[in-house]
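As recorded in Swiss-Prot, the features of this protein are as follows:
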| type | residues | note |
| --- | --- | --- |
| REGION | 1-401 | region 'Carboxyphosphate synthetic domain' |
| BINDING | Arg129, Arg169, Gly175, Gly176, Lys208, Ile210, Glu215, Gly241, Val242, His243, Gln284, Glu298 | ATP 1 binding site |
| DOMAIN | 133-327 | domain 'ATP-grasp 1' |
| BINDING | Gln284, Glu298 | Mg(2+) 1 binding site |
| BINDING | Glu298, Asn300 | Mg(2+) 2 binding site |
| BINDING | Glu298, Asn300 | Mn(2+) 2 binding site |
| REGION | 547-929 | region 'Carbamoyl phosphate synthetic domain' |
| DOMAIN | 671-861 | domain 'ATP-grasp 2' |
| BINDING | Gln820, Glu832 | Mn(2+) 3 binding site |
| DOMAIN | 930-1072 | domain 'MGS-like' |
Amino acid sequence: MPKRLDINTILVIGSGPIVIGQAAEFDYSGTQACQSLKEEGYKVILVNSNPATIMTDTATADKVYIEPLTLEFVSRIIRKERPDAILPTLGGQTGLNMAVELAKSGVLDECGVEILGTKLSAIEQAEDRDLFRTLMQDLNEPTPPSEIIHNLDEAYGFVNEIGYPVIVRPAFTLGGTGGGICHNEEELIEIVTSGLKHSPVTQCLLEKSIAGCKEIEYEVMRDSNDNAIVVCNMENIDPVGVHTGDSIVVAPSQTLSDREYQMLRNTSLRIIRALGIEGGCNVQLALDPYSFQYYVIEVNPRVSRSSALASKATGYPIAKLAAKIAVGLTLDEIVNPVTQKTYACFEPALDYVVSKIPRWPFDKFESANRTLGTQMKATGEVMSIGRNLEESLLKAVRSLELGIYHLELDHLKELDKETMKKRIIKADDERLFIVAEAIRQGVTKEEINEWCEMDFFFLQKVENIVNMEREVKANVGNMEVLQTAKEMGFSDHYIAAAWNKTEREIYDMRKENNMMPVFKMVDTCAAEFESATPYYYSTYADENESIVTDRKSVVVLGSGPIRIGQGVEFDYATVHSVWAIKEAGYEAIIINNNPETVSTDFSISDKLYFEPLTIEDVMHIIDLEKPEGVIVQFGGQTAINLAAKLEEHGVKILGTSLEDLDRAEDRDKFEAALTKLGIPQPVGKTATTVEQAVAIAEEIGYPVLVRPSYVLGGRAMEIVYRQEELLHYMKNAVKVHADHPVLIDRYMVGKEIEVDAISDGENVFIPGIMEHIERAGVHSGDSIGVYPPQSLSEKLKEQIIEHTIALGKGLNIVGLLNIQFVVFKDQVYVIEVNPRASRTVPFLSKITGVPMANVATKVILGQDLVEQGYGTGYHPEEKEVYVKAPVFSFAKLRSVDTTLGPEMKSTGEVMGKDLTLEKALYKGLVASGINIPTHGSVIITVADKDKEEAMEIAKRFHEIGYNLLATAGTAQSLEEQNIPVQVVNKIDSEDYNLLDIIRQGKAQFVINTLTKGKQPARDGFRIRRESVENGVACLTSLDTTRAILRVLESMTFSAHSMKEITQTKRHEVVHA
């Protein structure tokens, strides 16, 4: 049926900040949906709290609201805008939960708003574990034996009947939050308690564990006419028991017989029809490898992480079509945008293999528990495409950017068989590498299958790779062996090491022998129809399908997988850069490997290469395309790290030159440049040995800030207060030597300021200056940022502007630069300069209306700032106040300390904007998930060095009517200041103690700045973790606490007796 004409305005709900379980895939689906609805002539209103997205650009929708995704704010927008309908199914779990909340509150009925796409009843049937189980029983679809529970007693009842292990799945949660597998009573108590807490309806499904079955996913679409198709089916290499977001996934499925494939396909279609879903939907199934017995695990009645992967794997744009279906169009009316000839009701066919490997944050969090289970832990993922599974897997491995070029890790070589067995049974992020190591050491496929039930087909593929390694090592210099190895996806890096040559020598050897890859097109139809998409992958085959045009081209390097420190902000900059290249009349080519992002949507660039970002893979494309040059500024550290190698290959780096990039990153050169420019910086030196480090720290004086050079996201950065901590750091955090020096700086406790600027070498334009609420020492990505700065004097601002202009010109920056300053005793010091796009580019671009990545790209391509209408100087400040607040995923990562410091820990960000700082802060904090009740209790436990400062904070909490709780030491200090306080027992007390108060929800805030110590056993760590597990705001910085107090004070009316008021007035007269 044709599209609906009875609705005009549609409100699209975004997915909010990036957290583990909900990453950039919703920026991609939301952006697609908004464009798709606008194409059909609807007025689109978007609400989302995440400023780092393409989706929240003003051009994406007719009206964009960057506001908290809470009932209070979304209801306000609905009442103001009066949309005819809302579309929640493209905003992930956040969007779905919001729709349910809006419907229950009555605001949709009150304003006459209907829910498009998937009806509320279908959302509830799929998300509510009880209703879903009933529906499956009605359809005669098998589900594992299970029971809905609402408390621990009911859980015991089920386990007594069915036995361990059992899987706990909380209702209405994201990425398996709060769930897990229980093997014994202790785990049952812990996981069920946590699951009930995380479920908004206090409901969990307990099911008999079917771990060990194959996990298969079907991505299906259905329209209002009941046409339904399978877009893509995928198979998890890891059997059931590991969350699909943490599994290595291949598409299409590799081990299903036709009968199994058709059986599961029919089931998936039957379920989507029974639920009445209109749009995209993801069905997860478990298949017993030894019989035709299968189980339905769950259904996501929305666009999901898997649908982003399916879209990129097949080229079939699910979100775009789901939006069209939501407004009444049917699959046989929608033209497939890939072929532009066939209709969307054709099921895609693949003539290649796609692999997805998750990217975990364990390189950042050494203390995290690396075991994988039903609760997701990955922050992002990479995808690769090959003609065979071996090639596809090895390309994915080198896309992860962990410095790994092959399916082997040096530190696993020492493992004995028993350790390998344990780790393969348990499943962690290195399982596939351990499987390869076990095969190298002669463990049979039968044994490995017995340990982890990974299918023999996949084990055979790993064995093929291991056998090929032996061939390579035994046949040094043999061209035929080299050809076979390349067809299997082996990297030059690996072959060079085996043949004792350099990577460059192998590359040149292949070039001489015409052993270069060709590029194949992703066309959704296995080349049956001609395709109009410029979307390519490399492989070693005969025919090259990537036609080089005679237009001048520019290559942009993307930023790879989403991880802590390198989030969606860099993808935002990449996309804007590509658009600017097109506007300037060049052909824009993008190289990236992240299936979740907007940049890897084939409609963004003129050509998209889905490839690993390694020197070998990038050079293959450059050799073919021969571009004018490569832009590395927008791909975060990933792209910057490739610059030197590209230049060695004779490739032109556009924008800031390699020499100037190096001057900003290399400590000694940078110091020399600052001295020459007369710009002060904290005293600091470089150490290349442990002894040197100790001597430097003594000379500068503690506390010192230590870090390796060339890092992103403050990896392995620490503030050290005494010598033993320094020695611990030098031994455990870094391997120091001449090539990898460690920087040691005087740590200044001052106000941190961040500036983004654009320079063309002559002019330097500054769109905005941001002030951090947390003082220097907390990573800028984890600080609350405020624009415009609220407490800088005009004199300091002028100093900052002067320094920024001097640095832009003095370092010969062409393009973007980001500078971090610290204000200490009324003097401005430079902490660091990053000659590239920063995390704050999207935030400042949205606020100031200066499209920074676009302007910078045009500068890089030779159009100076004056030609573009900008000159040297500072952009006029906006009237409103904007706050950027960090969002953390601690609830998903047990045993990670939540204390903020110089190493970045947040996964995402939100924006709050309003007329005053307090209101903007309120929005930012609420959007980031912090509850701000106007009364209640606050627990204060602070280190001795913070006691004095904490007194003033405690007094203010008391003034607004908060009840203060503290352990003996802190309580004594409070009593001395005449501040009423209730003493609570320390956590090692057998009696009712501090942790019990947190567990029972009797504290609204916990302020905890306990002594530094990296061993998690410390008291402070336990207090902080308990707060996270129980959803209580735990503040580890007194600056953040002050910000929250400002908000609370602005929300509460003061209450003083008349006597108090007159007494203070009398004192004023006396002292006059």
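Please read every residue number as a count from 1 along the shown chain.
Every residue gets a Cβ built from N, Cα and C, even glycine.
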Restricting to the chain of Gln820 (Mn(2+) 3 binding site) and a gap of 6 or more, list residues whose Cβ falls under 8 Å of its Cβ, or answer none.
Glu752, Ile753, Glu754, Val755, Ser780, Val830, Ile831, Glu832, Val833
Look at the binding-site residues Gln284, Asn300 and tell me which residue has the greatest number of other C-beta atoms within 10 angstroms of its C-beta.
Asn300
Roughly where does the region 'Carbamoyl phosphate synthetic domain' (547-929) sit in mean pLDDT, to the nearest integer?
92
When you measure from the Cβ of Val242 (ATP 1 binding site), which residues in the chain that are at least 6 apart have a Cβ under 8 Å away?
Glu215, Asn236, Leu372, Gly373, Thr374, Ala427
Arg129 (ATP 1 binding site) in three-state DSSP notation:
helix
So how many of the residues in the domain 'MGS-like' (930-1072) end up helix, strand or coil by DSSP?
69 helix, 22 strand, 52 coil
Out of Glu215, Glu298, Glu832, which has the highest number of nearby Cβ atoms, where nearby means within 10 Å of its Cβ, if these are the binding-site residues?
Glu215
Integer Cα-Cα distance in angstrom, Arg129 (ATP 1 binding site) to Glu298 (Mg(2+) 1 binding site):
9
Cβ-Cβ distance under 8 Å to Lys208 (ATP 1 binding site), same chain, at least six residues away:
Pro144, Pro145, Ser146, Ile162, Val166, Ile167
Cα-Cα separation of Gln284 (ATP 1 binding site) and Glu298 (Mg(2+) 1 binding site), in Å?
5
Near the Cβ of Arg129 (ATP 1 binding site), how many other Cβ atoms are there if near means within 10 Å?
25
